[in-house]
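Colleague: The structure is given below, and queries will be raised subsequently.
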Amino acid sequence: MREIIHVSAGQCGNQIGAAFWETISGEHGINPSAIYEGTDPLQLERLSVYYNEAGNGKYVPRAVLVDLEPGVMDAVRSGTYGNLFRPDNFIFGQSGAGNNWAKGHYTEGAELVDSVLDIVRREAENSDSLQGFQISHSLGGGTGSGMGTLLISKIREEYPDRMMATFSVVPSPKVSDTIVEPYNATLSVHQLIENADETFCIDNEALYDICQHTLKLKQPTHADLNQLVSGVMSGITTCLRFPGQLNSDLRKLAVNLVPFPRLHFFMVGYAPLSAPGQQSFRSLTVPELTQQLFDSKNMMAASDPKRGRYLTVAAFFRGKVSIKEVEDQMRSVQERNSAYFVEWIPNNVQTAICSVPPKDVKMSATFIANSTSIQELFKRVGDQFSAMFRRKAFLHWYTNEGMDITEFAEAESNMNDLVSEYQQYQNATVDDEDMEYEDELPLEDEM
């Protein structure tokens, strides 16, 4: 089976990772003791993508949990689903990274990285045909960003032909823990551009807005934000976990969504969004779901897709839905909004359907878009970065760990280049003479 190994790094990464495992265990009928008690054979058919069947009939997540301090690990371990995980797969330091990317990447994290790679290696050896890795982490702190990107580059070095997907939480001043978040995020994006194949950008600002405006939560907690994220992660991975034709593995997903290797940062959306305990008594129709999906209020990135253009889109519908109705709806959205889709990638919207709905709703839909408007998110972080970097504020925390200032300048310029590339493709038309880019190989050379 095409296995995926999940790595959670840092506080945020472990919190959304734990919420993800709890959600998908529920969908696959795995109880907190790791025993299958489901009723639908579809739950078992591709279970081995994410779970390893242990000798005692238990299904153990292919998960590695990493942090530079023990607090969150203890919380995960003592949580409802804490016994699901293999105890050896919790790896933690004691000192923490103090929200400092350099500590995670070069000092504290570097000391722990070999023991993490040993566990990753063991999980890879337990796989018949490993398709790749998925990392959950945040870009604003020290461990998830610094050590998370260190792990990504080390895993990439050792498994260069496997897919690398990341669920990356982008910081926002609205939900800020620390003043140096723009530094940590920019240094991380610099790494993700080079070492990840697909990055699902989860933007704290957008999560916060959804909680306040759509879910009507006055003071959203981290648990509320994590609940949203786990729903989206469950939706994105539906095609990987249940039988289906389209985007059934990480590589096929990337082939459909990534037109140029550096442009692999996706906006994600989810519908229906309803407050806990407010599940509506009326099921949404396919047209309503589709409309919600394309609404910027349902996007987990605080960028408005109407300010850019879609390069590619994948939508996943779950539940008892008619394939024809879904395809008609998606086509009609495209026809009504053709200005927002680049015309030089024909058939750039793809739809998949899975008959297993998520728990508690009859139908749901998840949306993954490679939209040029994601540049707004990078610009937001970049502006905050340059405001501090121009004054060399807080840099001593990084240089004291042995970092060189040139690395900051390189990261800033790589992220600025990414923004310009998105802009360039946003403006491109079918007839552009300069659409032949020297650095893109012809397809047959790449395969």
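Glycine is treated like the rest: Cβ placed from N, Cα and C.
What you are looking at is a predicted structure, and each value in this text was computed from that prediction instead of being measured.
Among the features that Swiss-Prot reports, GTP binding site is placed at Gln11, Glu69, Ser138, Gly142, Thr143, Gly144, Asn204, Asn226. The feature Mg(2+) binding site is assigned by Swiss-Prot to Glu69.
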Colleague: In Å, how long is the longest CA to CA span across Gln11, Glu69, Ser138, Gly142, Thr143, Gly144, Asn204, Asn226, which the record gives as the GTP binders?
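Modeller: The span, Cα to Cα at its widest, is 23 Å.
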Colleague: If one looks at the chain holding Gly142 (GTP binding site), which residues at least 6 apart in sequence have a CB under 8 angstroms from its CB?
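Modeller: Set apart from Gly142 (GTP binding site) by at least 6 residues yet with Cβ under 8 Å, we have Gly10, Leu68, Gly96, Ala97, Gly98, Asn99, Asn100, Trp101, Lys103, Gly104, Asn184.
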Colleague: Sort out the sequence-distant neighbours of Asn204 (GTP binding site) for me: same chain, 6+ apart, CB within less than 8 Å of its CB, listed by position.
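Modeller: Sequence-distant Cβ neighbours: Gly140, Val169, Val170, Pro171, Ser172, Lys174, Val175, Leu225.
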Colleague: Give me the count of other Cβ atoms within 10 A of the Cβ belonging to Thr143 (GTP binding site).
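Modeller: Around Thr143 (GTP binding site), other Cβ atoms within 10 Å: 35.
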Colleague: Out of Gln11, Ser138, Asn226, which of these binding-site residues shows the lowest number of other CB atoms within 10 Å of its CB?
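Modeller: Minimum Cβ neighbour count within 10 Å, taken over the binding-site residues Gln11, Ser138, Asn226, occurs at Asn226.
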